[in-house]
Amino acid sequence: MAATATEKLPQLKSAVDGLTEMSENEKSGFINLVSRYLSGEAQHIEWSKIQTPTDEIVVPYDKMANVSEDASETKYLLDKLVVLKLNGGLGTTMGCTGPKSVIEVRDGLTFLDLIVIQIENLNNKYNCKVPLVLMNSFNTHDDTQKIVEKYTKSNVDIHTFNQSKYPRVVADEFVPWPSKGKTDKDGWYPPGHGDVFPSLMNSGKLDAFLSQGKEYVFIANSDNLGAIVDLKILKHLIQNKNEYCMEVTPKTLADVKGGTLISYEGKVQLLEIAQVPDEHVNEFKSIEKFKIFNTNNLWVNLKAIKKLVEADALKMEIIPNPKEVDGVKVLQLETAAGAAIRFFDNAIGVNVPRSRFLPVKATSDLLLVQSDLYTLVDGFVTRNKARTNPTNPAIELGPEFKKVASFLSRFKSIPSIVELDSLKVSGDVWFGSGVVLKGKVTVKANAGTKLEIPDNAVLENKDINGPEDL
């Protein structure tokens with residue numbers, strides 16, 4: 001270590017020792033992360049060693065064997081499964097308070113409602129007990145504990161645990177912010193979803209699931225509506241003894257920054273844009289060379305997680321995330337669960353249909369899933385067969401639509417978009433009910449004017465800049 005790093009660590013360590021809000025596991029995990037960061041163990045990728053993974057490493061979904069119609073085989077597979085949803089995020093970017101998973105998605109049902117309905121249907125149909133586990137952060141824990149009470153009568157065992165709570169570090173002094181009197185939530189941060197492995201282990205839940213005969217955990221973001229239990233993938237992993245599987249899907253131009261899987265020195269590895277040397281960034285973004293990206297749907301063997309966490313072997317790439325909060329420059333160090341792939345034996349990717357990646361990150365995504373482009377059956381959001389184009393319409397809504405409440409108030413009803421290619425809306429625009437959008441549509445209200453799209457209007461390949469264009 002450099003001299004400064006050698007001085008920084010003991011000073012930070014003694015400050016962390018005095019933070020009573022942290023458990024011993026959190027303290028050692030945090031110091032471990034910081035010392036790796038200070039030692040500069042950032043992983044440098046040698047571009048010339050990168051190889052495109054073969055079909056053995058990234059298995060095409062349609063080449064996987066189907067699961068038989070025999071209900072006993074399905075039950076056998078499901079009895080080995082735990083479903084874990086990453087539930088640490090807040091709905092703040094969409095103007096909502098509380099966990100993002102309680103935003104209403106469709107028909108009055110929230111992300112969490114849909115997840116519970118899906119698992120309950122599996123449990124009822126196959127007479128099994130697939131548990132649902134929610135990994136909360138300190139930001140979402142209290143609210144989530146209250147929310148899950150509504151599911152006590154459902155046929156799903158719901159477990160919750162908290163991911164680690166680490167102190168933000170004041171950048172110029174390199175001390176934990178809470179040690180300097182920052183006692184509210186802003187002094188802390190959850191260290192990314194790479195923390196799922198040690199936190200699941202430290203919660204005691206991992207050992208409990210192993211003792212019940214569970215073998216695999218399916219991890220996914222709670223806002224990905226496409227991340228449903230897939231027996232074909234589970235069967236493949238059990239048969240082939242794959243300790244880790246990452247679902248990837250073909251890139252579109254919207255996904256050029258997403259992490260991709262590569263073969264590197266004989267191992268399968270996640271390559272993120274932050275690891276790419278500047279001179280190769282355009283190549284990384286090319287859909288020709290790097291054709292797939294990580295959906296963050298992950299299937300991981302529970303025994304393998306236990307073994308690797310106990311050996312302290314999961315040294316994922318550190319993502320430094322500098323921020324300015326209340327005028328103070330702070331640093332938070334994070335890791336990603338997908339980067340763990342290279343530590344597991346017999347790890348694979350599976351190239352899945354795009355339908356398994358349907359994230360709701362903004363109100364433009366809500367417009368898609370609330371429209372006639374999708375229907376809701378048994379908690380599953382399925383695509384309307386009437387849409388012939390395999391890709392979804394590109395939707396851009398202006399800042400007036402950013403918050404869920406504003407978005408909902410500006411549409412009397414969600415327009416029909418089955419035949420829409422792209423929609424761009426900006427300014428003070430209001431939609432009536434029964435509106436149909438087709439082809440490429442742009443609606444722009446000039447500054448200071450309110451533009452109302454009348455009930456039952458059909459807009460096909462139109463640029464609307466005022467009432468005269470309707």
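Cβ atoms are placed via backbone N, Cα and C, with glycine included.
Record features (Swiss-Prot):
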BINDING   Leu86, Asn87, Gly88, Gly89, Lys100, Gln163, Gly192, Asp223, Lys361  UTP binding site
BINDING   Gly88, Gly89, His193, Asn221, Ser222, Asp223  substrate binding site
MOD_RES   Ala2  N-acetylalanine
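Sequence features annotated in Swiss-Prot and their locations in the structure.
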{"residue": "Leu86", "record": "UTP binding site", "CB count, 10 Å": "24"}
{"residue": "Gly88", "record": "UTP binding site", "CB count, 10 Å": "26"}
{"residue": "Gly89", "record": "substrate binding site", "CB count, 10 Å": "20"}
{"residue": "Lys100", "record": "UTP binding site", "CB count, 10 Å": "23"}
{"residue": "Gly192", "record": "UTP binding site", "CB count, 10 Å": "23"}
{"residue": "His193", "record": "substrate binding site", "CB count, 10 Å": "24"}
{"residue": "Asn221", "record": "substrate binding site", "CB count, 10 Å": "23"}
{"residue": "Ser222", "record": "substrate binding site", "CB count, 10 Å": "25"}
{"residue": "Asp223", "record": "substrate binding site", "CB count, 10 Å": "22"}
{"residue": "Lys361", "record": "UTP binding site", "CB count, 10 Å": "14"}
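Asn221 (substrate binding site) carries a strand DSSP state (E or B).
Within 10 Å of Lys361 (UTP binding site), as judged by C-alpha distances, the binding-site residues found are Asp223; the full candidate list was His193, Asn221, Ser222, Asp223. On a Cα basis, Leu86 (UTP binding site) lies 7 Å away from His193 (substrate binding site). The distance from the Cα of Asn221 (substrate binding site) to the Cα of Gly192 (UTP binding site) comes to 12 Å. Straight-line distance linking the Cα atoms of Gly89 (substrate binding site) and Gly192 (UTP binding site), rounded to a whole number, equals 10 Å.
For Ser222 (substrate binding site) paired with Gly192 (UTP binding site), the C-alpha to C-alpha distance reads 14 Å.
In this structure, the CA atom of Gly192 (UTP binding site) is 16 Å away from the CA atom of Asp223 (substrate binding site). Sitting within 8 Å of the Cβ centre of Gly88, Gly89, His193, Asn221, Ser222, Asp223, and not among those site residues for substrate, are the Cβ atoms of Lys85, Leu86, Asn87, Lys100, Ser101.
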